[in-house]
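As C-alpha cells, the structure follows; a few thoughts come after it.
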Amino acid sequence: SVGFKAGVKEYKLTYYTPEYEVKDTDILAAFRVTPQPGVPPEEAGAAVAAESSTGTWTTVWTDGLTSLDRYKGRCYHIEPVLGEEDQYICYVAYPLDLFEEGSVTNMFTSIVGNVFGFKALRALRLEDLRIPIAYVKTFEGPPHGIQVERDKLNKYGRPLLGCTIKPKLGLSAKNYGRAVYECLRGGLDFTKDDENVNSQPFMRWRDRFLFCAEAIYKAQAETGEIKGHYLNATAGTCEEMMKRAVCARELGVPIVMHDYLTGGFTANTSLAHYCRDNGLLLHIHRAMHAVIDRQKNHGMHFRVLAKALRMSGGDHIHAGTVVGKLEGERDITLGFVDLLRDDFIEKDRSRGIYFTQDWVSMPGVLPVASGGIHVWHMPALTEIFGDDSVLQFGGGTLGHPWGNAPGAVANRVALEACVQARNEGRDLAREGNEIIREASKWSPELAAACEVWKAIKFEFDAVDNL
C-alpha cells in the first residue's frame, strides 16, 4: 500500500494557522480576498497561502521528500473588511527561503504569479507587503537616492520642477530639442520624454538624445544651473535599452528614464545597476500601473508596486498628484509617498499601510507629481509633497499663452513664492491663492498663466477609499 493518503483535502487543514508567530525574516502579505459564495474565508485565505507557496490542488507523494512545515506559506490572520460584504483581509506569511535574493521578478512570480485566477475566489487584491530586513539587504535599490541627487544637481530646500514635452508624439528631434531648451532656459530643472516616446519613425532615439543634450548644455551655460532631460531608454530588448543608456552616459547627461512595468522588473533592475555604476540618475514612469492597481477588489495596490520599485531601483517615480487629473486619495497617496522616501514607516491603517516597514538605510525615491496640474495647484503641491519631490507640469508649462519659456518662468516663480511663504510660516493650504496672486503682481508670465487656468478643475470622486 502507498504511504500517503491520496485525494483532495481542504487547504485550511494545512495552510490556515492562526496560532503562527510571524518571524522577523518572513515576507508578510495582506490580501483583500473576496471568496466565491459558500467558500469560508479560512479556506479562501488558506488557498491563497497554498497556491502562492508550496501547495497544489491534490496531495502528491513528493511532499514526503521535503519539509512542508519549513517551506509553506501560512495564512495566520483574517479580518472582515468594514463596510464590505464578503471581503476579508487575509494575512499570509512566507518563509524567506522561498525567494531568490535580489529578484523582484521572483518575488512577484511567487506571491502574485498564479493565485489570482483561482476559482474559489471571486476577486483578490494584494494590498501591502512587509519586506523583511534580511531580504531588503539583498537589493541595491535606487541607483543614488534623494540626498545624492540633490548634491549632483546642487539644488536644495525646494521641490524640483519638471515638464513632459508635448505633443508627446509627432515632433521631429530638432523641434523636440528646441522645446526642451526653452523649458530649461525658462527655469525648470528637468524636462521629460513621454513614456511612449521610444524610437519611432518620426524621431529615432539617437537623434533625440543628441538634440536634447545640446539643449541641456545650452540652457546650463545660460542659466548657471544644472539641468536634465529624462531620456527614455525603454526599448524592445534589454540590449537595446542598455545601448541607449550607454549613449546617454557618453553624452554626459545626468539622467535617463525607464517605463518599469511595461519594460519589466528584470530590465529595470539591470538598468538601475548600470545607472549606479555610471553616475546616471534613473527616472521611473509607471505606465500600465492602473491596469494592475485601479480596481478596489482585484489586482495590486500601487503601494506594493512602489515598494517593489524601491527594491528594484529608481531615483524618481510617478506617484499621482492628489489635486490634478489622475486619481489619488490624499492620505493613501501620502502613505506610499512616505514608503518611497522615508527610512522607517510605521503601520498605519488610516493611510493604507498594513505593516511597519524598515528600509535599513536603502536610499529613498523622489515621488513625482504629474497629471493635469498648473500654477494654481502649486501651494497645495508644495504643502502635500514637501521639498523632496518633483512637480511636473506638462500642459501646465507648454500651454502658456506666450510659449514654453514663459510657461517655465511662471512655474518657477510660483514655486519659489510658495517655498518662501512656507519658510516665513504662512499657511499654504489657507493662503495659497493669495500667495500666487501676490507673486503674479511682479511676474507678468505668472499673471498670464493664472488667467488661463483660473477655472480648470478635474473633480471626480476618487475610486480608492478605505
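Cβ atoms here come from the backbone N, Cα and C positions, even for glycine.
Reduced to three states, the DSSP call for Lys166 (active site, proton acceptor) is coil. Sequence annotations record features per position, and here Swiss-Prot assigns active site, proton acceptor to Lys166 (among others) based on sequence analysis.
The active site, proton acceptor annotation in Swiss-Prot covers His285 (among others). Sequence-distant contacts of His285 (active site, proton acceptor), defined by Cβ-Cβ distance under 8 angstroms and a gap of at least six in the same chain, are Glu195, Asn232, Met257, His258, Asp259, Tyr260, Ile317, His318.
The substrate binding site feature in Swiss-Prot is assigned to Asn114, Thr164, Lys168, Arg286, His318, Ser370.
The number of other CB atoms found within 10 A of the CB of Lys192 (Mg(2+) binding site), across every protein chain shown, is 29. If you look up Swiss-Prot, you'll see Lys192, Asp194, Glu195 marked as Mg(2+) binding site.
The N6,N6,N6-trimethyllysine annotation in Swiss-Prot covers Lys5.
Annotation comment: Swiss-Prot describes Lys192 as N6-carboxylysine, evidence class sequence analysis. Lys192 (Mg(2+) binding site) falls within a strand when secondary structure is assigned with DSSP.
Feature annotation from Swiss-Prot assigns site 'Transition state stabilizer' to Lys325.
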Lys166 (active site, proton acceptor) versus binding-site residues Asn114, Lys192, Arg286, Ser370 - nearest by Cα: Lys192
Cβ within 8 Å of the mean position of the Cβ atoms of Lys192, Asp194, Glu195: remaining residues of the chain near Mg(2+): Thr164, Ile165, Lys168, Asp193, Asn196, Val197, Tyr230, Asn232, Met257, His285
Lys192 (Mg(2+) binding site) versus Lys168 (substrate binding site) - Cα distance in angstrom: 10
Three-state secondary structure, Arg286 (substrate binding site) (per DSSP): coil
Binding-site residues compared (Lys168, Arg286, His318) - the one with the fewest other Cβ atoms within 10 Å: Lys168
